Amino acid sequence: MNRIACTVHGRVQGVGFRYWTKRKAAALGLRGWVKNAPDGTVMLEAAGEAGLWMSLPGRCTAGLPSAP
């Protein structure tokens, strides 16, 4: 099992980003956590098979489908 940790910058608080990220990670079979940081970013850590978690950063970069 491998692990990834990252910090996401931009408009990520108050827009449902944590909930969306948690759902995407669960759909990939990943386990972990997502939380708001005091500086306005969102921090996340996910663990699972390498082939699964490698797609998570790209999905986070793409963002919510409803994002402008």
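The backbone N, Cα and C atoms fix where each Cβ goes, and this holds for glycine too.
Copied over from Swiss-Prot:
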DOMAIN    3-68  domain 'Acylphosphatase-like'
ACT_SITE  Arg18  active site
ACT_SITE  Asn36  active site
- Note on the structure: A correct count of other C-beta atoms within 10 Å of the C-beta of Arg18 (active site) gives 19
- Can you count the other CB atoms that lie within 10 A of the CB of Asn36 (active site)? 14
- Item | Reduced DSSP assignment, Arg18 (active site) | helix
- Message: Between Asn36 (active site) and Arg18 (active site), how many Å separate their Cα atoms?
- Response: 8
- Task: Report the mean pLDDT of the predicted model across the domain 'Acylphosphatase-like' (3-68), rounded to a whole number.
- Result: 80
